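Engineer: Below are the features I grabbed from TrEMBL:
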DOMAIN    13-131  domain 'Peptidase metallopeptidase'
BINDING   Asp20, Asp99, Glu101  Ca(2+) 1 binding site
BINDING   Asp57, Asp94  Ca(2+) 2 binding site
BINDING   His67, Asp69, His82, His96  Zn(2+) binding site
BINDING   Asp74, Gly75, Asp98, Glu101  Ca(2+) 3 binding site
Amino acid sequence: MYVVWNKRLLSELVRTFPKDSALLGRDTVRALMYYALKVWSDIAPLNFHEVAGSDADIQIDFTKADHDDGYPFDGPGGTVAHAFFPGERFTAGDTHFDDDEAWTFRSPDHLQAPGEAAGGQHKDFEGVFQCHRLGTV
Ligand SMILES: [Zn+2]
């Protein structure tokens, strides 16, 4: 993977959160995103810091269905997340999670790998991040 940002300190912002905050609180989401980005900063000369403004390099959204970037989500199951490489596109660097999934973290009923589950299954962040490390998401 080539990272083509021309700077090494990148800002990130969790712009929207899962609709069901009873399953996954905001502080947990922000902490999870920090560790997700750390997967990159461990292997590339990059550092990330969280910002509060609207011009973060990496904007993280929980969204669903058609969300105006040309890659509509497909409801529960199927595609659970996607991310855009850096570049000129308006979504460059952004990461989207399908909010039609029931996101959890270390949920005891997490039994299936992300992408395999049928509708209604919880999506566990730990599993998604493990896929990231393997380069399959
Ligand atoms: Zn998207």
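Quick reminder: no glycine exception, Cβ is built from N, Cα and C everywhere.
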Engineer: Near Asp94 (Ca(2+) 2 binding site), meaning Cα within 10 Å, which of Asp20, His67, Asp74, Gly75, His82, Glu101 (binding-site residues)?
Structural biologist: His82
Engineer: Round to the nearest Å and give the CA-to-CA distance linking Asp99 (Ca(2+) 1 binding site) with Gly75 (Ca(2+) 3 binding site).
Structural biologist: 8
Engineer: Give the sequence-ordered set of same-chain residues, not counting Asp74, Gly75, Asp98, Glu101, with Cβ within 8 Å of the centre of the Cβ atoms defining the Ca(2+) 3 site.
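Structural biologist: Once Asp74, Gly75, Asp98, Glu101 are set aside, the remaining close residues are Lys64, Phe73, Pro76, Gly77, Gly78, Thr79, Val80, Asp99, Asp100.
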Engineer: Which binding-site residues from the set Asp20, Asp57, Asp69, His96, Asp99, Glu101 have a C-beta atom lying less than 6 Å away from ligand 1?
Structural biologist: Asp69, His96
Engineer: Compute the C-alpha separation of Asp69 (Zn(2+) binding site) from Asp20 (Ca(2+) 1 binding site), stating it in Å without decimals.
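Structural biologist: Rounded to a whole number, the Cα-Cα distance is 23 Å.
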Engineer: Closest to His82 (Zn(2+) binding site): which of the binding-site residues Asp20, Gly75, Asp98, Glu101, going by Cα position?
Structural biologist: Asp98
Engineer: Near Asp98 (Ca(2+) 3 binding site), which residues of its chain come within a Cβ-Cβ distance under 8 Å, counting only those 6 or more away in sequence?
Structural biologist: Phe62, Thr63, Lys64, Phe73, Asp74, Gly75, Thr79, Val80, Ala81
Engineer: Taking the Cβ of Asp20 (Ca(2+) 1 binding site) as the centre, how many other Cβ atoms fall within a 10 Å radius?
Structural biologist: 13
Engineer: Which one of the binding-site residues (His67, His96) has its C-beta surrounded by the most other C-beta atoms within 10 angstroms?
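Structural biologist: Per the Cβ count within 10 Å, the most buried is His96.
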